[in-house]
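Shown next, in structure tokens, is the structure this report addresses.
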Amino acid sequence: MADNAEPEQTQEQDFLRDRESLTLPLLSSHRSIPNSTSQVAIVGSHVCPIESLDYEYVMAFIVFFASNLVLTLFASVITAVIAPAAAGSGIPEVKAYLNGVDAPGIFSLRTLAVKIVGSITAVSSSLLVGKAGPMVHTGACIASLLGQGGSKKYGLTWKWLRFFKNDRDRRDLVTCGAAAGIAASFRSPVGGVLFAFEEMASWWRSALLWRAFFATAVVAIVLRALIDVCRSGKCGLFGTGGLIMFDVYSANVSYHLADVPPVLLLGVIGGILGSIYNFLLDKVLRLYNLINEKGVVYRILLACSISIFTSCLLFGLPWLASCQPCPSDALEACPTIGRSGNFKKFQCPPGHYNDLASLIFNTNDDAIRNLFSKGTNSEFLYSSILIFFFTCYFLSIFSYGICAPAGLFVPVIVTGASYGRLMGMLFGSDSNLDHGLYAVLGAASFLGGSMRMTVSLCVIILELTNNLLMLPLIMLVLLISKTVADAFTGNIYDLIMKSKGFPYLEGHAEPFMRQLTVGDVVTGPLQMFRGIEKVGNIVHVLRSTRHNGFPVIDEPPLSEAPVLFGIILRVHLITLLKKKSFLSTPVPTGSGSEVFRQFSSGDFAKRGSGSDEKLEDLEFTDEELDMFIDLHPFTNASPFTVVETMSLAKALILFREVGLRHLLVIPKLSGRSPVVGILTRHDFMPEHILGLYPVLITGFMKSTRLPFLQLFMEPIVDDDQKRAHIVFSVLTHIFKQDMT
């Protein structure tokens with residue numbers, strides 16, 4: 001009898017222990033019976049039986065921590081040392097370039113290589129970053145290299161590509177490359193075209209539409225072929241989970257009028273959360289910029305610090321979650337122990353899984369797929385989804401600004417999906433919609449609230465989920481979230497461009513610009529050259545200024561009165577000085593002269609990224625400085641000009657739509673200098689204009705439809721100009737919104 005009682009007592013203890021493991025988190029103070037059964041730990045690719053539970057999890061944490069730190073360290077080192085322009089998403093840089101801002105090094109071959117390798121290691125290091133943004137930058141880099149004929153520095157050039165070596169074709173190729181990047185990221189060819197049209201391109205032509213569509217179609221075909229190869233088992237682990245594609249709603253989706261109010265609430269909250277997200281991200285980026293400016297070592301230390309914090313947080317949070325029994329209708333093994341799987345065992349007993357660990361210790365793509373899945377209403381607990389939401393929300397903010405390639409698309413989708421899933425769980429039986437559908441709508445609302453795109457995001461989500469029946473609901477949440485978020489902050493990529501100092505020109509003119517003329521914002525002094533100029537004067541002006549365009553005027557005896565001949569660029573002047581085709585006397589040269597024959601069209605073609613000539617590399621003798629250069633054959637004799645009395649708003653539209661870099665201002669009346677000044681991108685920036693005329697700030701704040709701000713503006717108008725400019729910059733950064 002005693003022998004029979006002992007097994008029964010053991011079975012009862014096991015039952016009580018398993019029951020407690022289901023109802024209490026592992027770190028709870030009420031836990032009394034530890035789980036000391038033998039486990040199997042995965043260390044690298046070797047399976048090691050470990051008898052001690054504490055030792056097992058300590059070793060697992062060390063491996064997790066060390067691998068993440070090494071990958072982050074590698075990504076940050078190659079980015080900080082080799083190509084700093086590869087840090088971040090790359091979408092703000094590409095968008096700024098398509099607006100006319102050519103930042104140095106953003107499309108170089110080194111940037112391309114670091115972007116590819118760095119994004120792979122950064123995503124693999126458990127940082128909450130995405131790969132969609134880096135793929136957009138990668139596509140733009142490839143397109144730019146093709147547009148400039150390859151890379152002369154590394155001996156990769158093709159003569160047939162010189163046909164595209166001009167500003168317009170290069171810009172079109174970069175636009176197609178950005179569209180191809182989105183198409184490759186989400187397997188969304190139509191969404192890629194619309195993304196390039198809605199978010200990236202500042203100038204759009206009908207011919208560019210079919211070219212971008214052709215590029216994304218080729219991407220879709222090649223990607224489909226590679227997927228088929230990998231599904232045949234020829235790729236090993238490669239291609240099993242890294243592709244973002246969620247075929248989760250092939251079945252019919254039914255919803256009724258009573259389901260619309262929860263969807264509206266989802267859009268409103270998504271807009272508020274998105275605007276707060278943008279605000280916090282902008283503040284964090286400004287803090288990171290202060291750290292990164294101190295040097296390479298500080299950039300690397302910042303990245304490693306974020307990696308350490310992320311590893312500790314991700315490994316510790318699942319201990320707060322309780323175990324759940326495996327679903328009886330699971331389509332895969334439950335629980336899973338190993339490198340992949342959606343039901344992570346973690347600390348749970350056999351036949352149970354940790355829902356929070358299943359979201360954290362998975363790829364972002366698999367986590368999104370789990371949240372989007374239909375018929376999984378009972379797989380996640382409230383506490384787990386809430387913890388996962390806040391973790392993704394803040395980790396994505398702190399992870400983005402480090403010195404490593406990092407995207408925002410996937411983190412925003414993960415965060416929005418967890419928020420939508422949580423809302424679906426809260427509504428519960430009061431709604432006919434599935435929790436997975438709420439996750440899709442939550443991702444759409446958070447994307448609309450942070451990125452402020454509508455059409456392209458709608459198509460991308462539809463192509464991701466593979467169901468057109470969701471179109472009305474997705475359109476609704478996108479429109480509502482964008483409208484709500486526009487009342488608080490700006491587009492996330494616009495805020496990033498502003499923090500990076502890119503002078504991006506909006507597609508509309510501010511209302512106060514209609515009250516000013518171009519002559520009101522032109523500042524001096526204006527540097528001009530004569531048609532036949534002395535070499536010493538050219539060298540002095542180039543060394544003492546940083547201007548990129550100079551008016552060329554003709555004076556007697558070349559003309560009866562001073563007259564504008566054209567404009568010449570700084571890079572062309574340096575090319576002339578490098579060739580040293582000087583004249584001993586100030587005599588005009590014809591187009592067939594020996595001096596003119598020394599140059600070819602390639603000498604004045606668009607330079608590749610980082611290949612501009614530098615004046616510091618040139619040396620001149622005193623005799624050469626006293627010689628002359630005839631600038632007439634090398635000057636643009638038909639520049640765009642406006643009269644000084646023209647409206648500044650009209651000049652902005654002309655400047656942006658034509659894609660100009662310089663706009664010459666000429667006098668309305670004769671008898672004055674033939675050129676009043678030059679308008680550049682800087683002269684159209686609101687901060688510059690309101691710095692010149694602080695009295696316009698009050699009218700500007702009234703037009704923002706935020707009346708309470710007027711209380712803060714009264715002392716500003718009466719203060720000095722500098723203080724007004726500083727305060728205005730702060731206020732417009734916080735309360736920026738679109739104005740028509």
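Backbone N, Cα and C atoms are what each Cβ position is placed from, and that goes for glycine too.
A TrEMBL annotation is a machine prediction, not a hand-curated record.
Annotation source TrEMBL lists transmembrane segment at 57-83 (among others). Remote same-chain residues near the transmembrane segment (57-83) are listed as 41-44, 50, 105, 108, 110-111, 113-115, 117-119, 121-122, 124-127, 296, 299-300, 303-304, 306-308, 310-312, 314-315, 347, 402-405 (criterion: CB distance under 8 Å, separation of at least six residues from the stretch ends).
According to TrEMBL, the feature transmembrane segment maps to 173-197 (among others).
Marked as transmembrane segment by TrEMBL: 203-223 (among others).
According to TrEMBL, the transmembrane segment annotation covers 235-257 (among others).
Positions annotated as transmembrane segment by TrEMBL: 263-280 (among others). Remote same-chain partners of the transmembrane segment (263-280), defined as residues 6 or more beyond its termini with a Cβ less than 8 Å from a stretch Cβ, comprise 393, 397, 412, 415-416, 419-420, 423, 433, 438, 441-442, 444-451, 473, 476-485, 487-492, 495, 734.
Annotation comment: TrEMBL describes 300-321 (among others) as transmembrane segment.
Here TrEMBL flags 381-414 (among others) as transmembrane segment.
Positions annotated as transmembrane segment by TrEMBL: 435-462 (among others). Outside the transmembrane segment (435-462), and at least 6 residues removed from its termini, the chain residues within Cβ reach (under 8 Å) are 182, 186, 188, 190-191, 194-195, 197-199, 248-249, 253, 263, 266-267, 269-275, 277-278, 368, 371-377, 408-409, 412-413, 415-425, 427, 468, 470-471, 473-475, 477-482, 484-486, 490-493.
Packing against the transmembrane segment (468-488) from elsewhere in the chain are residues 249, 252-253, 255, 260, 263-264, 266-268, 270-272, 274-276, 278-279, 437, 440-441, 444-450, 452-454, 457-458, 461-462, 735, 737-738: each is 6 or more residues past its ends and has a CB under 8 Å from a CB in it. Annotation comment: TrEMBL describes 468-488 (among others) as transmembrane segment.
What TrEMBL records for 634-695 is domain 'CBS'.
Through the fold, the transmembrane segment (173-197) approaches residues 91, 94, 97-98, 107, 131-132, 135-144, 146-147, 164, 204, 208-209, 211-213, 215-220, 223, 243-245, 409, 453, 455-457, 459-460, 462-464 of its own chain, all at least 6 residues removed from its boundaries and within a Cβ separation under 8 Å. Sequence-distant contacts of the transmembrane segment (381-414) (same chain, at least 6 residues past either end, Cβ-Cβ under 8 Å): 72, 75-76, 79-80, 84, 86-91, 114-115, 118-119, 121-122, 127-135, 137, 185, 244, 273, 277, 280-281, 284-285, 287-289, 292, 299-300, 302-303, 306, 309-310, 313-314, 317, 320-322, 324, 355-356, 359-360, 364-365, 367-368, 371, 421-422, 425, 443, 446-447, 450-451, 492. The average pLDDT for the domain 'CBS' (634-695) in the predicted structure is 89.
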